[in-house]
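One structure is given here, and the rest of the page talks about it.
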Amino acid sequence: MSSRRTSQPFSTPLPTGRSGAYPRPESNSESGLTSSASLPDAPALTSARSASPAPAGLSHNSSILSISPIARSIQIPSTPQSLSATPLPPTTNNAYPFGFGSDMEATSTPVLNSSGPPSGLQEPDALCQADRLRLWRHDALMQHQYQTAVFIGDTVLSITDDPNDAFWLAQVHYNTGHYARTRQLLMRQDLDRSASCRYLAALCLTRLSKWDEALSVIGESNPFQNEDDSYATSDGGIKLEASMCYLRGIIYSNQNNFEKAKDCYKEALTVDIKCYEAFDELITNSLMTPVEEWDFLSSLRFDDNEDGELVKLLYTTKLNKYYNTNRFFEAEKHLQTKYNLEGNSDLIQSRAELLFVQCRFRQCLELCEKVLERDQFKFSIIPLYLACLHELEKKNKLFLIAHEMAENHPEEPVTWLTVGVYYLSIHKIAEARRFFSKASMMNPHFGAAWIGFAHTFAVEGEHEQAVSAYSTAARLFQGTHLPSLFLGMQHLQLHNFTLAEEYLDASYSICKTDPLLLNEMGVVLYHKNQLSEALEFFFKALKVADELDSDTKAWVPIKINLGHAFRQLRRWPEALEHFEEVLRVSKHEPEVYSAMGLVNLQLGRTDQAVINFQEALSLAPNDPVSWDLLKRALEENVNSMASKNAG
């Protein structure tokens, strides 16, 4: 009896890594035809009489919105005061003060498409020259005219020598990809006492892959963890403390310190549930087991946030689909009805992931294509889309998407994953391996690329290399059961049943609700001649597949193995019952016909056995086992007829 898989290589849901090992630059508004006061990320412009006074020292619990370069400059002060920001005082009680000066103020509601100065604001002519230059710089930044932004930003910094102007010039340099220049500017201006500047400096160092230096800038642990962080940001942004924890996790992850990375990501979400980047790292890189994911979600303080219910529902749909599927359906329904998110691409993607777990590949493919119609290059769904195309043998579509990705996004690791899957589908294994390797080198934390790379060795029967590649994946993605499952399957093919059982047990400790895993555990016990225990796992696999509402065809290998186990136990009627049930679902299973012929041969039904073996050979003409059994059945049939005639 051979180990049967519910799917072919690369068909198991793969952990989809991020397209990069570090955060991307902040995206800017697409609006470029209005003044910066009307841009979505610019704060509202209010009079000082209506605005609440800013605290003396903005804390790490604030978001970066509160140091907008234009918010304070256009307020009408109740008493005469300078429009230039006050530099940091020589001494401060806070080791990492957030911003510079006590008179900066920003409200959370933007002014959109205003044709003139808002009520209560000074006319542009009333602004000083430095403030007009700041508006010019900010508009250039928002309209992606970076040369202008650098030129004017440097000019206004030379005029004012204001730390805020230095910070925003550094932001311009960062957006142009000049990370070393950004870091140099921050060092030259001696801005390390500002938490926002420390964060930006560390971000630049991560982009330069200077992980140790970045960690020394941002700190090995959260310096604010003992301070009160029970309130949300007044402007609705993300707490800078949470972003710093997230960035610290990125650094630890690239240093292969995954436990510390996981702790940092979890701390970021504990500080602020809106830090989605940290949540995404935890989920896509499988740093937690399915049970740990749900337990952690339950521990977060969603009630402290006005949008907590929405955020919790959105996060719920992102969690592992092998566990708590009922809660996924509840969250999905609530998001569709209450929040009108029925057409949301991320929600559709979550439903597609569940369909893939259920082995409903055609329905999954339909949803993937629905998402890609709106956003052709939505990278997060492409690994799932590729797996469906591979399962359904859609080679032409794989060819087209591989060319489109290579032409438009050669810098993305998922592009070369696409090319690798195409070559795997047309059985050019060496080429597939080369492109999977390229994808994993571009992003060492890209789970799908590592799994695909290992599959290329498994397909060729290179078990030792496959074991090595799966072991690397198991080390990188400790929260998913798939690498350990594949390791167990490799050792099973090598007839190392003890090692196979150990790896499958390790996989089972992470996920107890994968039918493929339960089937493989039953196969190991079958080979160890522990048939009663094997039957328990086969029945458990069927039960879990039923609970997941899996496609009926996904049950076929489990039913076949059940029939073999009953045959070995000489429980002939039950064996035939399961084999016949398989044939009602799929009539193209030569080994099932062969097994039925063997059972009928044992029952003395030689005529029926001959028919079964002939049906098996019609599907697999070169099967030597079926030929041998057919000869035996014919001989017994002749002997039986001769005995009857002699009698």
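Cβ coordinates come from backbone N, Cα and C, glycine included.
These come from TrEMBL:
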- 1-14: compositional bias 'Polar residues' (COMPBIAS)
- 26-38: compositional bias 'Polar residues' (COMPBIAS)
- 78-95: compositional bias 'Polar residues' (COMPBIAS)
- 1-61: region 'Disordered' (REGION)
- 78-100: region 'Disordered' (REGION)
- 242-275: repeat 'TPR' (REPEAT)
- 413-446: repeat 'TPR' (REPEAT)
- 515-548: repeat 'TPR' (REPEAT)
- 556-589: repeat 'TPR' (REPEAT)
- 590-623: repeat 'TPR' (REPEAT)
What parts of the chain pack near the repeat 'TPR' (590-623), using Cβ distances under 8 Å and only residues at least 6 beyond its ends? 560, 563-564, 567, 570, 572, 575-576, 579-580, 582-583, 629-630, 632-634, 636-637, 640
What is the three-state DSSP composition of the repeat 'TPR' (413-446), stated as helix, strand and coil residue counts? 27 helix, 0 strand, 7 coil
Averaging the per-residue pLDDT over the repeat 'TPR' (413-446), what integer do you get? 96
Which residue counts does DSSP yield for the repeat 'TPR' (556-589) in the helix, strand and coil classes, in that order? 27 helix, 0 strand, 7 coil
How many helix, strand and coil residues does the repeat 'TPR' (590-623) contain under DSSP? 27 helix, 0 strand, 7 coil
Could you tell me how many residues in the repeat 'TPR' (515-548) are helical, how many are strand and how many are coil under DSSP? 30 helix, 0 strand, 4 coil
